[in-house]
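Take a look at the structure below.
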Amino acid sequence: MFSAKLCRIKGFSSSPLLFLKSFKRVLPSLSHGQCTNTHEAECKSKAQKQVCKTVLKHFDAQYSEELGEQWRSARDVLLNPLSWQYGVLLNRFSDLTNLKQDLAELGYTNLFPQTHPESHSQTTPIHLQCFIHRDPVRIPTQIHHPGWLKQYYLLNAASLLPVLSLNVKEGEHVLDLCAAPGGKSLAVLQTATPGLLHCNEVDQHRHDWLLKTLESYVPPAQQHLLSVTHLDGRSIGSMRPGAYDKVLVDAPCSNDRSWLYTPDTHQGEMWLKERTQLPLLQKELLCSALAAVRPGGVVVYSTCTMSRAENQSVVEAVLASYQGVELLELEQHLIDSLSDHFCFAHFHPSVGQLVIPQKGKTWGPMYVSRLRRIY
């Protein structure tokens, strides 16, 4: 019975409501990483992903030094994929009739409670609607169908922090320098209607993936706002200097969650060698972004690794070599509003914020730093 319901959930077409209601009946068995008998094989497959011991040994040495006691808890989360939580980002361009109610009945809550119209709060309201669950459950991914807009996008909720830090306003010209697979570009479109959203991706496969994402979530009436290119992000700053109000650099990085489950030792060793080359690429991408943003504009740099060499050190090196740039701290009200759900690392916030996975707060890793071009 359970397997039949799950297959139906995974195979839905245009409306997930019936399947969400079916999912609600089996949700308790999925909480806290528990499996029903008929779902046991699928859970075991996920739980038994092979950890690359070479990568884990490298992480243990590096992160014990860089993160101290916080690494122990982060390590426990990374080694237990069944504990990972997933956020549900709603698509404002789709028909969301009853969807929020169904998510609430499943036990989901909005990560960003909506500001009441009569509220006198001085903080900027957050228009994103991302629903999270206290347990590591995951509703099915919707299938792409030409001509139909998906209602939600599944993601690690910490990946919304760079978009929130960008704080896009109506009519602004925005560049997403390394945009694939498209989740952050989609999130930008949920926060405001930019005058232009330039989504760039250099890798051909990921560029195709980006196009499919945008087609699945953005209506034809909004397509004129988009420009999708297949360029080396390091060249865009010189090609289009000062053309953008905001630039997001979600840089290629040594994705801790993925690299830990490298399929074989040889591949893990190769990736660790490549890891030493990443900071140079990241610096070049960040410099290109600073050239592409107008004076007074903001650049947000982000990665999904906890590595200091790819995070703080990259930002510090660019600041030391690039004239006319200043660091901006993340808005404190944003940090405060997310502190109940995200675990932030203990280092000086002026060089950015790092979200570390912890038990009960498995979002992350996600590093974010904000810079402003002065002239």
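Backbone N, Cα and C atoms are what each Cβ position is placed from, and that goes for glycine too.
Copied over from TrEMBL:
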ACT_SITE  CYS304  active site, nucleophile
BINDING   CYS178, ALA179, ALA180, PRO181, GLY182, GLY183, LYS184, GLU201, ASP232, ASP250  S-adenosyl-L-methionine binding site
DOMAIN    78-374  domain 'SAM-dependent MTase RsmB/NOP-type'
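ASP232 (S-adenosyl-L-methionine binding site) is surrounded by 12 other CB atoms, counting those within 10 A of its CB over all protein chains shown. Largest CA to CA distance in the S-adenosyl-L-methionine binding set (CYS178, ALA179, ALA180, PRO181, GLY182, GLY183, LYS184, GLU201, ASP232, ASP250): 20 Å, whole number. All chains included, 22 other C-beta atoms sit within 10 angstroms of the C-beta of CYS178 (S-adenosyl-L-methionine binding site). With respect to their backbone Cα atoms, ASP232 (S-adenosyl-L-methionine binding site) and CYS304 (active site, nucleophile) stand 20 Å from each other. With a 10 A radius on its CB, GLY182 (S-adenosyl-L-methionine binding site) counts 24 other CB atoms from all the protein chains. Every protein chain considered, the tally of other Cβ atoms within 10 Å of the Cβ of LYS184 (S-adenosyl-L-methionine binding site) stands at 23. Annotated pair CYS304 (active site, nucleophile) and ALA180 (S-adenosyl-L-methionine binding site), C-alpha to C-alpha distance, rounded: 14 Å.
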